[in-house]
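Asks: Before I ask anything, let me first share the structure, which is written out below as structure tokens.
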Amino acid sequence: MWILALSLFQSFANVFSEDLHSSLYFVNASLQEVVFASTTGTLVPCPAAGIPPVTLRWYLATGEEIYDVPGIRHVHPNGTLQIFPFPPSSFSTLIHDNTYYCTAENPSGKIRSQDVHIKAVLREPYTVRVEDQKTMRGNVAVFKCIIPSSVEAYITVVSWEKDTVSLVSGSRFLITSTGALYIKDVQNEDGLYNYRCITRHRYTGETRQSNSARLFVSDPANSAPSILDGFDHRKAMAGQRVELPCKALGHPEPDYRWLKDNMPLELSGRFQKTVTGLLIENIRPSDSGSYVCEVSNRYGTAKVIGRLYVKQPLKATISPRKVKSSVGSQVSLSCSVTGTEDQELSWYRNGEILNPGKNVRITGINHENLIMDHMVKSDGGAYQCFVRKDKLSAQDYVQVVLEDGTPKIISAFSEKVVSPAEPVSLMCNVKGTPLPTITWTLDDDPILKGGSHRISQMITSEGNVVSYLNISSSQVRDGGVYRCTANNSAGVVLYQARINVRGPASIRPMKNITAIAGRDTYIHCRVIGYPYYSIKWYKNSNLLPFNHRQVAFENNGTLKLSDVQKEVDEGEYTCNVLVQPQLSTSQSVHVTVKVPPFIQPFEFPRFSIGQRVFIPCVVVSGDLPITITWQKDGRPIPGSLGVTIDNIDFTSSLRISNLSLMHNGNYTCIARNEAAAVEHQSQLIVRVPPKFVVQPRDQDGIYGKAVILNCSAEGYPVPTIVWKFSKGAGVPQFQPIALNGRIQVLSNGSLLIKHVVEEDSGYYLCKVSNDVGADVSKSMYLTVKIPAMITSYPNTTLATQGQKKEMSCTAHGEKPIIVRWEKEDRIINPEMARYLVSTKEVGEEVISTLQILPTVREDSGFFSCHAINSYGEDRGIIQLTVQEPPDPPEIEIKDVKARTITLRWTMGFDGNSPITGYDIECKNKSDSWDSAQRTKDVSPQLNSATIIDIHPSSTYSIRMYAKNRIGKSEPSNELTITADEAAPDGPPQEVHLEPISSQSIRVTWKAPKKHLQNGIIRGYQIGYREYSTGGNFQFNIISVDTSGDSEVYTLDNLNKFTQYGLVVQACNRAGTGPSSQEIITTTLEDVPSYPPENVQAIATSPESISISWSTLSKEALNGILQGFRVIYWANLMDGELGEIKNITTTQPSLELDGLEKYTNYSIQVLAFTRAGDGVRSEQIFTRTKEDVPGPPAGVKAAAASASMVFVSWLPPLKLNGIIRKYTVFCSHPYPTVISEFEASPDSFSYRIPNLSRNRQYSVWVVAVTSAGRGNSSEIITVEPLAKAPARILTFSGTVTTPWMKDIVLPCKAVGDPSPAVKWMKDSNGTPSLVTIDGRRSIFSNGSFIIRTVKAEDSGYYSCIANNNWGSDEIILNLQVQVPPDQPRLTVSKTTSSSITLSWLPGDNGGSSIRGYILQYSEDNSEQWGSFPISPSERSYRLENLKCGTWYKFTLTAQNGVGPGRISEIIEAKTLGKEPQFSKEQELFASINTTRVRLNLIGWNDGGCPITSFTLEYRPFGTTVWTTAQRTSLSKSYILYDLQEATWYELQMRVCNSAGCAEKQANFATLNYDGSTIPPLIKSVVQNEEGLTTNEGLKMLVTISCILVGVLLLFVLLLVVRRRRREQRLKRLRDAKSLAEMLMSKNTRTSDTLSKQQQTLRMHIDIPRAQLLIEERDTMETIDDRSTVLLTDADFGEAAKQKSLTVTHTVHYQSVSQATGPLVDVSDARPGTNPTTRRNAKAGPTARNRYASQWTLNRPHPTISAHTLTTDWRLPTPRAAGSVDKESDSYSVSPSQDTDRARSSMVSTESASSTYEELARAYEHAKMEEQLRHAKFTITECFISDTSSEQLTAGTNEYTDSLTSSTPSESGICRFTASPPKPQDGGRVMNMAVPKAHRPGDLIHLPPYLRMDFLLNRGGPGTSRDLSLGQACLEPQKSRTLKRPTVLEPIPMEAASSASSTREGQSWQPGAVATLPQREGAELGQAAKMSSSQESLLDSRGHLKGNNPYAKSYTLV
């Protein structure tokens, strides 16, 4: 039974399972029509597909599945339908012109495609033609390609030809979308060509050419519009583009007006009027309607009326898109349709049409709604909505997925064994839709409610049904197989398991079983009780199984009988259960086998209507009784059909006495007995013989028109209609008609002849057959009526003017025929003068003749012969051309050359006769035409000719004649022309070459001989190439303008040290002359371009390295190799670099000896020639080999206890390799025993234990490398002591570390007891305990750690260890390495393309400089470049810079710690300036009537190469300039083709890299006789600005007066400046002696006054200025872009105070003495504040956190207020606790960035002090207490007397460096206070003097320079502040300082003299330096200083008014 249950469950699962991941879809849903050529065949893929793979089938539209027809039709396995090529005789409408569809089917369902109409196009001959057209000149012509209607649908016009030349749509010719050719703006010459169209068959690809048609062009004549092109109706789909043609002929040009549905159409947006008509873009359904094109002019109106049908594509959409439901539910689908209103809609399910039924409802007006109730599993699948309208169709589909509602067992009970009286509960949890019903059985017997079994049921929240079977007290009879069965409308499922109740085994009685023969049967043994031994089955005492069809399952007692057979399997079966070994029980069951009926198959034969039918149904086997019944089409047969059924025993027969069509259908015979019911079905088809529905009758057909011969029939199967034809009216001899595109059989059987021809007349037979009965046929006669046709007429004809002309035409057709003649659409009256018409009949034809007597020119035109009869009319157009002699041609000059003249002519009226030739006459201008040279019979096909062999520059006269067949024309117009120049015939002379560099050659030459120039030499071509014997290098060509008889040119960018060949050619306007003879020269030698390659180095010993390399190629040497240079240096262990050395050799290898052992060396190799060193190779690194190390640098030993000592040592000074270990030796002499101990290579101490007390030991240490043991250290004696004194094993020395790192200072001490350790630091010579804080601490082992070490941590540290028995001390010198200080960068030399920079390095920060990074940027650019520079360099030259351009530079030094701070930005300019034109040169070298030579030698390039030269000129009074542009400047330039006797404006613009210059001039060409013309001043010429020339003259006089005044003022300034220079020279001579005195003082110590240490200093860090006095204590940093802004109140009365804004704070504790700060602002450019010049953008900012900070002392508090730019560093008053506050304010001077300000810039090494001030600054520096340890160096130099502009570094374009100036005086130009060595503890103090640029800046001088001046001035004044305020600069970025509390000044006594004041002034500690209080004192009196003060302040007080900048001296 279990097997049965599982089998049932599996069968249900197979039936109702579904792959929800399967799908169906359409690949190409738009495929609805396939048209192909019969000669090619076609492949049609099925447009449907699916996943998993689908089964594809093709059907006809009738629903019949198609089959393969060999060689004609085949369906491929992939579903592709193939139609093979076929001849026309094999055409079958059923196959080749039919509607198909395909289906795709997989487990998801089945879908069918849209109907696909497949149509074959038969190949048939056809012709296309074009008709002649008429039009008027200037109007439009339209040609149409006429295609036969039978093939019109398949033919496309692809192109048009004009005399075999393809036309392209353009300005005059337009090919429309319909294939018409439009010719716009028709000209007479358009009528000279033939036009034809080219067509292509869309499916066969065949092309056809039409006949040639002519265009007859007439002169414009007033006429009403006549339509040339129009339309009647158009059909289009929405979204397409539609063109509605409408074009008319008329004069004047007609107007067009469009109407839609009788309303004017607005032509905008999508509606556009075009040349061809109306263009509608993106059409819409609303655009459908009637369109009218109205064409009108004043002579009439014409219309084109048509209709536009816009169809919207059909679209069907089913909703919802996804349907997922369950069995038994309702599903509703809706299909919405767009694109049509009257459509046919149908529904399909799985490809089959769906009709309304019991559970199916279709509702809606258009059947758009589908409702399905009580869905069953078979209702799932694909549903489609089909919409059909005419030939269009659309569909949509949706997949309806029905969830499997079949009941499923979720969980159930399991087999178990229970004891009697034990309760049992069985559960079945079932899921299904709808909810299933659960029943229980026990051994196949139903279990009813009540008794011992309790059944309950519930529904869970998940929708599951749970049924429980409970047994409260089980008994043995309750045992057995329990089954729960769940069923609903979707199916049934069961589950069973055995419940065993312990007790005696027995068998429950079993019921007899009925089995069906041929099927499987299961017999279950109903055993109860448990346990038992076995279950066995017997049949007739035979143990089963005994054959293959019997299976006994011993474990559950089930017997299976497969394929039951009545004879064998029927009988009694016994189940035997073995209860105990000797005890068994049994039960029997009887099995009865029933045999089901079997019907012998039968089929209906072929029957025809009216016949009798008898069909028997015989049941050949099966148990009786058997009942037999019949059905038709699945239903009982109604009695009305007259069908008789006879049943006898096991047979039944069906009889029909009179067969009719209503008997068609499927008949089923059904046989039933007790076993089963079976059926057999067969189809009865009643066949009907054919008969006519419509019989053919005699008809008339009109020639050229279509005719339908009616014939239709009916029958079953559908009859076939065949037409046959017999030509003529005789006895019919019928033959099959060959069907083609012209003759076709319609679907109803009628015959269509699309274009009737005369040969179609005759008998036609319509034959109908369908293989049922006899065929039927009927004949008819077709009579062809011929309309009137013109069969013969001349298209064109000619007549000679004044002679008689006849024209005839022949007409054919049904009589009578009327013929009339027309001229230009006007009927000719035979009675008209000069016209005579005659008509006669000749057989079937009518001939009409028109005579013209005589012909005149006006007769030229179009005549038409018009024939008319009852069936039609025809017309023949004849073009008559009246011929006469031609008009003369109009000639013009096409081209003039030196020896040829090319004519071009335009032919006038040709006399209506083709031109037969031309005659050309040519003569010298002075000769008569009788002597002219004649060229006759020039081809008429030509319109140009060339006259050859003329002389250059000669003048000729030329004329022409035209000839045709009638005669010769009059002579043409006469032309006079002068020949052009010819190319020179001679080469340039005296060509010389001179190499001037390694890449340049200077070329000089002279012009060719005069008689060979053939014109004016305008330039030359220089050809040069690398010269090689046997080589064939092409010449490189350079064009050069001429500058005179002697020329010079420099070739640049040549290859170095290379031989070149050079030629020169002269050029004039005509071309280039012959080349000069090739000259050879060689460029100069240069340094090698590349380094040696393959540089290799191998260490051969600890002190030597072997180096080898490859030599350079010849191309890389650039000269003759002189040798190689090897540069090498050691890379030391601490990162420092050793000495750089070099060795020279001539060989490609070298051995380096005497090197350091085990040292890494950097090696570079270069090659050098006679020109110098080449490029170095890349560095390679090689280390020398290891050697034994040196002895340890130091050894210490100390007793740690009575039996132990410690030994420590330092590593060897010379490691010579990698230390592998250290060996410690210990020995004592009595007895001599030496012990060895090994220590690791990173250990520097060792403990030796187990020694004897009070015994001396000797210890020493040896280092070991891989090369062996090194030398021994010194021997130390040590003695173990019980009372061991404190000893430190660490060595004294120097410890170096980078800053910002953690450093540990070791101090390892030993002793007994353990010593105490303390650390001291030396501060100013006084040791003090180190500070222990968060950054400093002492470890337990005595080591001292400093975290994040800083520069101030440097110094001497002492470690002291002591215990009871002694003490020890070491001193460690900690040196903290910091990034290097900024270098001082200067400009040492400038050229036009390079700048040489030099620098002085700053403090290296305790680590050697590793290199420099130079950054540079072009002015006004934000892009910076950089170069790495070797640390040994102190200068660098930047090459290839732009000439006359400003550049910015910064420099950064790098050491082992990292890069230092960036130097100040300096600026320098390469030499050169913009071009200038010399006033000494004349611009115009020569002027004649039409040419001017300009002298360009006057242009000075300013030192920079000219990059462009632009010249423009124009006649006065015109606005258009003639422009000439060059990239280089020649010596001269010639203006050609000028107007005679005309004034011209000329302007030139010449540019180089430094700038551009312009020059304007006026000139006048000469009269034809060489005389000059009147000047411009005599006429009033209106210029562009509207000023007359007289007004311009007034303006010129005004400007001249102003210039004269400025010039006089300039002369006055020069005189004043000269006097001041003389006074300055005198002061310099006076200062020389003072300099000598100061230099002698340099060797002795200056007496200084005792001063208290300054505690208050204010720091102001301003870029581009440096303070040369440093103080590192008590300082703060203020923004590096700041400016000090001092208000008047700051230096006013003490009671006045002001507030300010604070952003940076500096605190001061007390007031310091004002000894006067010294400020150097010399590196700032006067007038150009670097911080406010936004275009001077530098790289990283120059601020630094670790470098020394510059400081300023407080000045006197009572000085007046001023605002200063950042060009200054100012002393600022401060009080205790005062605060700096910063605010930003900007004020930009208009002249700050002018080039004048640039030219007066001073370099970063300049200062504006006088020589006296410099000397006094030096003397004052020696008095400073902080500089007492400094070493002073004084540099004596010469100071130039030139202006500050000439002393500016890098700004003078005429000097290369500062030293180029002429020296005039010597003296001190720099002194330096050098810092002492670090162990001396000194500070660096540099010194300089302030620079005051303006008279009012006297207040900024330090007290020792200004006290004598101020103290020697008396008298009150009120204008002091005002005067100083006027002398100040405009503020830039400023800082406002708060007014501090004014301290009471200490009075000072005036010195007796200025010198005593300056040299002897002393200051009291803690006092404030002040000036004497002078109420109302006027500072303006400062201008009245004495000569001594003037000497002190030199130019400061004298530059007021003229030059605001002071004299500057350069500090080197």
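Placed from the backbone N, Cα and C atoms, the Cβ positions cover glycine too.
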Asks: What is the disulfide partner of C711 among C669, C766, as given in Swiss-Prot?
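Replies: Looking through C669, C766, the record in Swiss-Prot gives C766 as the partner of C711.
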Asks: Based on the record in Swiss-Prot, give the one of C575, C617 in a disulfide bond with C525.
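Replies: Looking through C575, C617, the record in Swiss-Prot gives C575 as the partner of C525.
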Asks: Write down the single range among 921-962, 1005-1046, 1971-2012 that appears in Swiss-Prot as region 'Disordered'.
Replies: 1971-2012
Asks: By the count of other Cβ atoms within 10 Å, pick out the sparsest of the glycosylation sites N78, N470, N666, N748, N1271.
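Replies: Minimum Cβ neighbour count within 10 Å, taken over the glycosylation sites N78, N470, N666, N748, N1271, occurs at N78.
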Asks: Please work out the number of neighbouring Cβ atoms within 10 Å of the Cβ of N512 (N-linked glycosylation site), leaving out its own Cβ.
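Replies: Taking all protein chains shown, N512 (N-linked glycosylation site) has 10 Cβ neighbours within 10 Å.
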Asks: In the domain 'Fibronectin type-III 3' (1091-1187), how many residues does DSSP assign to helix, to strand and to coil?
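Replies: Its residues divide into 4 helix, 53 strand, 40 coil.
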Asks: Taking the Cβ of C335 (disulfide bond) as the centre, count every other Cβ atom within 10 Å, in any protein chain shown.
Replies: 25
Asks: Give me the count of other Cβ atoms within 10 A of the Cβ belonging to C293 (disulfide bond).
Replies: 25
Asks: Out of C145, C669, N748, C809, C1359, point to the one nearest C46 (disulfide bond) in space (Cα versus Cα); all of them are recorded positions in the record.
Replies: N748
Asks: Other than its own, how many Cβ atoms are within 10 Å of the Cβ belonging to N658 (N-linked glycosylation site)?
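Replies: The answer is 11.
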Asks: Disulfide-bonded residues C102, C145, C428, C617, C669: which have a Cα within 10 Å of C711 (disulfide bond)?
Replies: none
Asks: On a C-alpha basis, identify the one among C197, N710, C1307, C1359 that is nearest to N748 (N-linked glycosylation site); the candidates are the recorded positions.
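Replies: So, spelling it out, the nearest of the recorded positions is N710.
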Asks: Across all the protein chains here, work out how many other Cβ atoms are within 10 Å of the Cβ of C669 (disulfide bond).
Replies: 26
Asks: To the nearest whole angstrom, state the Cα distance for the pair C428 (disulfide bond) and N666 (N-linked glycosylation site).
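Replies: So the Cα of N666 (N-linked glycosylation site) lies 47 Å away from that of C428 (disulfide bond).
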Asks: What Cα-Cα separation, expressed in whole Å, is found between C197 (disulfide bond) and C766 (disulfide bond)?
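Replies: About 40 Å separates the two Cα atoms.
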Asks: Relative to the Cβ position of N1142 (N-linked glycosylation site), how many further Cβ atoms are located within 10 Å?
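Replies: For N1142 (N-linked glycosylation site), the 10 Å Cβ neighbour count is 13.
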Asks: C1359 (disulfide bond) has how many other Cβ neighbours within 10 Å of its own Cβ?
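Replies: There are 26 such Cβ atoms around C1359 (disulfide bond).
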Asks: Averaged over the domain 'Ig-like C2-type 8' (690-783), what pLDDT does the predicted model reach?
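Replies: For the domain 'Ig-like C2-type 8' (690-783), the model's average pLDDT rounds to 90.
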Asks: Under DSSP, the domain 'Ig-like C2-type 8' (690-783) has how many residues in helix, strand and coil?
Replies: 3 helix, 49 strand, 42 coil
Asks: How many helix, strand and coil residues does the domain 'Fibronectin type-III 1' (885-982) contain under DSSP?
Replies: 3 helix, 48 strand, 47 coil
